[in-house]
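Feature list (source: TrEMBL):
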TRANSMEM  12-31  transmembrane segment
TRANSMEM  43-62  transmembrane segment
TRANSMEM  68-85  transmembrane segment
TRANSMEM  135-154  transmembrane segment
TRANSMEM  166-188  transmembrane segment
DOMAIN    279-346  domain 'Sphingomyelin synthase-like'
TRANSMEM  290-315  transmembrane segment
TRANSMEM  335-353  transmembrane segment
TRANSMEM  405-427  transmembrane segment
Amino acid sequence: MKRSPAILKNRRGGGLGFAAIAYIGVDYLRFISPAWHDRLQPALWTILAIAAIIRVPFYKHWSSELRSAIPFIFAMIFLLSALLFEAISVRSVTAVLGLEWNSDASPLPDVGQWLVLSLNEKLPQTVVNILRARIIGLHHFLMLFIMLAFSVLFESVEAPGLGLGARFMFTMGIGRLLRAITFISTILPSARPWCASARFLVPQHPHPWAQKYYVPYATDSNAIRNVINWDTAYADPGEYDPEFRPDWGSMSFLIDFLRPTAPEGSSAWYHLLKKASGGCNDLIYSGHMLVAVLTAMAWTEAYGGYSSALIWIFVIHSAQREIRERHHYSVDVVVAIYVGIMLWKMTGLFWPMKDQSKATRLRRLEKIQGRLMRAAKDDDIEEIRELLKEVEVSSHVRENSSSKAMWLFSGGTIIFTLSMVLLAFTLTSDG
């Protein structure tokens, strides 16, 4: 008998997959019927939140969640630090060359963009409309992962949920650091030349570093040949307007990277780093696609089922939209897909956040294996029952020994994670 692929085998029922599809479908109603969207979306979130809260008293793995709390907090701090470094780097790569270069630089030739335009001419219009539709975005993938982590309450995925969340954030932090290091290494022009002027308020001219080391050798082939042969920045950079330098105190070292202008130079802090909006240069690789791929990998590994295949279809749909709408070049999308897959597999090799209750019971069974064998040979059913009961009771001793602390922890965890859901939904609703 032929076995079906593992990706199509979900762990426990299809309730999580149904909830995910309902969430995506209801949210897409904003484009089809805004009135129904306004009615159904709050109702859906209310139902899901109430269902999760009702399940809290029946959840049996709070001790496992407690052991995962510290790694979860450290993973969150690591991710926030990586996002801060990325936000500074995003603005820096646009600011260093100035708005004039960003507006005049021609986009790179992209075979993926050519392919998309070619398919528009060959595919039926209905298919093209589906490919153009904004079915799923960044905030959807974040919410799908949050739903996956919460599903431990319904035993849809293996506990602990905080362990799964910690691994996701840790992997995301590594991915974001690698991404920032990659795109600051070589500055590439945007696929949308008007983006920098519309989004950033930085000087028109390049930074003195770029004036000396890049501009004189950017277009003149003889100058490029000479700088290669002499290995010295020999050309006169010319005269430019002086740089604006606000008094940022201990943060003044960031002035050369962020290049603030007089209208926006006052800190607090730098208007919360300009609210960390996306960049305009080509930022290889795509951060949106990294989130999408990590969500799909987590869903496939923890839950499986046909819903995992559907999420991978959403990933591919998002990938072609990133190229179609020229948010990224094709290389950014391709690299994000295989980097996301490899990072998730890599962290899976050493990530320890698994529920230890099964391992504990197995170790206990190994200790009483000889007694079980003797009881079985003697047909002593009562002895077998007592031994198995002893194993089960021993696995719950730690769980029940501090029930009050567990109740406090469980309540705090639910309040904290629901707050994170609201923040993520609010701060990423525009993708």
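Here the Cβ of each residue, glycine as well, is placed from N, Cα and C on the backbone.
Away from its own ends, the transmembrane segment (12-31) comes close to residues 37, 40-41, 44, 48, 133-136, 140, 143-144, 147-148, 151, 154-157, 303, 305-307, 310-311, 314 of its chain (Cβ-Cβ under 8 Å, at least six residues beyond either end).
Counting residues of the domain 'Sphingomyelin synthase-like' (279-346) by DSSP class, helix then strand then coil, yields 52 helix, 1 strand, 15 coil. Looking just at the domain 'Sphingomyelin synthase-like' (279-346), the mean pLDDT is 93.
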